[in-house]
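Annotated features, as they stand in Swiss-Prot:
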- Glu16, Asp123: Mg(2+) 1 binding site (BINDING)
- Cys806, Cys809, Cys831, Cys836: Zn(2+) binding site (BINDING)
- 873-884: compositional bias 'Gly residues' (COMPBIAS)
- 10-154: domain 'Toprim' (DOMAIN)
- 172-604: domain 'Topo IA-type catalytic' (DOMAIN)
- 740-760: region 'Disordered' (REGION)
- 775-806: region 'Disordered' (REGION)
- 849-890: region 'Disordered' (REGION)
- Trp80: site 'Interaction with DNA' (SITE)
- Arg195: site 'Interaction with DNA' (SITE)
- Arg202: site 'Interaction with DNA' (SITE)
- Arg344: site 'Interaction with DNA' (SITE)
- 642-670: zinc finger (ZN_FING)
- 767-782: zinc finger (ZN_FING)
- 806-845: zinc finger (ZN_FING)
- 901-917: zinc finger (ZN_FING)
Amino acid sequence: MSRRGGGPVTVLNVAEKPSVAKSVAGILSRGTFRTREGRSRYNKIFEFDYAINGQPCRMLMTSVIGHLMELEFADRYRKWHSCDPADLYQAPVMKHVPEDKKDIKKTLEEEARKSDWLVLWLDCDREGENIAFEVVDVCRAVKHNLFIRRAHFSALIDRDIHEAVQNLRDPNQLFAEAVDARQEIDLRIGASFTRFQTMLLRDRFAIDSTGEERSRVISYGPCQFPTLGFIVERYWEIQAHEPEEFWTINCSHQSEEGLATFNWMRGHLFDYASAVILYEMCVEEPTATVMNVPHPRERFKYPPYPLNTIELEKRASRYFRLSSEHTMKVAEELYQAGFISYPRTETDSFSSRTDLRAMVEEQTRHPAWGSYAQRLLEPEGGLWRNPANGGHDDKAHPPIHPTKFSSGESNWSRDHLNVYELVVRHYLACVSQPAVAAETTVEIDIAGERFSASGRAILAKNYLEVYRFESWGGSVIPVYEKGQQFIPTTLTLDAAVTRPPPLLCEADLLSCMDKAGIGTDATMHDHIKKLLDRGYATKDANTRFSPTNLGEALVMGYDDMGYELWKPNLRALMEHDMNEVSVGRKTKAEVLETCLQQMKACFLDARVKKSKLLEAMTIFFERSNNTDESESQTAGEVVRRCNLCNESDMALRKNRDGNFMVGCMNYPQCRNAVWLPGPTLEASVTTNVCQSCGPGPVYKILFKFRQIGIPPGFDVNHLGCVGGCDDILKQLIDICGTGSRSQARRTPGTAPSNNIQGSNTRQSNVCIHCQQRGHASTNCPSRVPASRNSRPTATNPRNDESTVSCNTCGSQCVLRTANTEANRGRQFFSCPTQGCSFFAWEDSINNSSGNATTGSNSGGSGRRGSRGRGRGGRGGQSSGGRRGSGTSFVSATGEPVSGIRCFSCGDPSHFANACPNRNNSNGNYF
């Protein structure tokens, strides 16, 4: 594209960093650029003239600082308690320019308005391509007809930069979409699990010894946790190791030609008696006979493949004990100064078009390796060898290689010198011949036991001359002939013990991540750094990793759930799918749908199994003593949208009295609440959605009731809905009351009101037998017609003698007294036959109501209970029942209990000195 009339065009050039912008401007202008200030004081604008493919251009070169935009949730979802964390898997997200980048955005807008072309000089990887499209979005918003092109370069040297600007290409939309997919997946998964973990654990446990528990975020990252998993798994392997003693026979022979050490070909034995027998046989007949002396074999030790990012990080860690994060920081600085090529690359094979000899020639002046570089270039020396192909090519950058000679700059640290030396020596080794050695193995026989010794003689060091980081150890052994006999100099039985593997060092951890496909070459070091920064792992002086208590507890909790959220499999599949997007085999939408559906299912199930996480944390941490009522309420699980304020969700909560309720998260602005049955021992929100209630979704709650607190016939486990459709919950509230404080203080004789959503009055028109409305249980059409004796009757009500017959099995019923808070002192008939669920209030029969109340199973699935507080609502007055002298108390299940009650909570199953709520209440129980 050129301007009409052949005049110069104005070209806006944008680099990823200010230093890169200055370097590119310096190369293209040959140091003659003019500088002016932009809106951001860090991102200056460089002006110069240049010709692109013969087209005169007025070049404007500026920069961004990394990503120009951030991906965020819509405002409504940003506050932690504004929504159910599960909603974050489908909540709207948007890209926006953060406040600290607004000045850069203004600079781009102003310069784009007066430009004809936009040339993108961002780093040539997926992340750089994504930043490029962020720049495009900003510039096109103010000038839609910009001519947009992309410059591809791998080193900040004259040759690469001039070639890049003369061969501009289209930006790669697929690369940018792959990064968009990764950002959205990481945001949704990370935010949901981070909120879940933090709200669940932070206020329950004393995690931070510095006293900053309340501000701590217990984060989850899709790459971070599998990386932590490698560390924990190795740690567990070490902890589980049990040392085992073993024995081996060692033999050596000293001659005039030197020492030969022979190894037992059995290796070792774990049975001491067997080892001793074999050793004694050798001692009794110690003469050694040479059985086999093969001709020396030529062996080769090949140089390494060309250097990619992962190998650079691993080798810098092994050779110099540099962290991967620091290695990349130093390498980036060397790249920006023009001394090495772009350091973030997966490629480990050079293109056939690369001028390999020119890079060697640059190094011939170096005092340490210059002479070796000169020998490489001499044809008669035979030292040159084309580098091997490692099999990886990211199509964006060549392997890491030196681009400019230096014997050490004045501003370089020791780490800069080491990393530069590693890059240069590695490249020189790649283009060198392999080392050659002659290897000999001698086998001997002593009393029927075989031993062997190996010797190696180096014939040509070749690449090992320059690659000082590797060696080829070996010893020269004396010359032996087949059939030769000798007496060993030493023959010993030595004991040793098995040892566990060592803790993972940084190089090992990078290898695990690379093999499992966790992260990319550009991000692996960052994932490791985050583990250390967030206190999930520590690193010792030998660069070996150990998990902290918090890191181990989190992995243990998820492992106990049965989900492999800490294993690499799930993340490896995501990384594979994102790579498929970058090559066009899958769309961004397909990958997002697949990954997020899978992870949302994991999240919902993990939330149901949260007790596993709590149990694991209990092993490592003390319970926190700073949790107050308001904080415990904020840690609830979302049940539904609040139908009163329509602004926040309603969450399951447990107050300090141990009673459960579903309350609006917008409290105290909104006080909408649904109190649950008083006998509720445990309650957890499930992933089951009620098909009847709305506005949805309304998630069902899994209840576990105290057996002593519910009437016969009701199951202790119940999967119920608080949206208004669950008749079983309504009946339990009618009979047993709720845990609300107002109800606990009601006057004697006041009937409990049903507070399940959608019903504020007693539902007397619901059949307790079939759970249908419109008839009483005595008129239920699904029941067998009552015989003369099946209808419960009380023929002598004034004499406390039961004449009521069970209408199920015909047995004579027993008169008992209820002990639940809502009906304490009220008498009822129940069948003494084991397994029979017949139940009827005595006063309803005497009033000729004929309603025999029987419980029905809820059909809810059971689950293993945890330790409960053993109480429902606070102790109240008995309501409406007769308590004659001599009448014994019984539980609602019909079991007799003492007439003496706990004066703290009113429960007759224990005395006050054994009350489980003794230390958790304010003492007002009357």
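Each residue, glycine too, has its Cβ placed from N, Cα and C.
Mapped onto this structure are the features recorded in Swiss-Prot.
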residue: Glu16; record: Mg(2+) 1 binding site; DSSP class: coil
residue: Trp80; record: site 'Interaction with DNA'; DSSP class: coil
residue: Asp123; record: Mg(2+) 1 binding site; DSSP class: coil
residue: Arg195; record: site 'Interaction with DNA'; DSSP class: helix
residue: Arg202; record: site 'Interaction with DNA'; DSSP class: coil
residue: Arg344; record: site 'Interaction with DNA'; DSSP class: coil
residue: Cys831; record: Zn(2+) binding site; DSSP class: coil
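For Arg202 (site 'Interaction with DNA'), the spatially nearest entry among the recorded positions Trp80, Arg195, Arg344, Cys831 is Arg195, judged by CA separation. With helix defined as DSSP H, G or I and strand as E or B, the zinc finger (642-670) counts 0 helix, 11 strand, 18 coil. Counted within 10 Å of its Cβ, the other Cβ atoms near Glu16 (Mg(2+) 1 binding site) come to 23, all protein chains included. Distance from the CA of Cys831 (Zn(2+) binding site) to the CA of Glu16 (Mg(2+) 1 binding site) is 82 Å. When Cα-Cα distances from Arg344 (site 'Interaction with DNA') are compared across the recorded positions Trp80, Asp123, Arg195, Cys831, the shortest belongs to Asp123. Across the structure, Trp80 (site 'Interaction with DNA') and Cys831 (Zn(2+) binding site) place their CA atoms 52 angstrom apart.
Looking at the domain 'Topo IA-type catalytic' (172-604) alone, the prediction's average pLDDT is 92. Across the fold, the C-alpha of Asp123 (Mg(2+) 1 binding site) and the C-alpha of Cys831 (Zn(2+) binding site) stand 81 Å from each other. Reported as a whole number, the C-alpha separation between Cys831 (Zn(2+) binding site) and Arg195 (site 'Interaction with DNA') equals 50 Å. Annotation for Arg195 (site 'Interaction with DNA'): same-chain Cβ neighbours under 8 Å, separated by at least 6 residues, are Trp80, Pro85, Leu88. The local packing around Trp80 (site 'Interaction with DNA'), expressed as other Cβ atoms within 10 Å of its Cβ over all shown chains, amounts to 15. Arg344 (site 'Interaction with DNA') is surrounded by 24 other CB atoms, counting those within 10 A of its CB over all protein chains shown.
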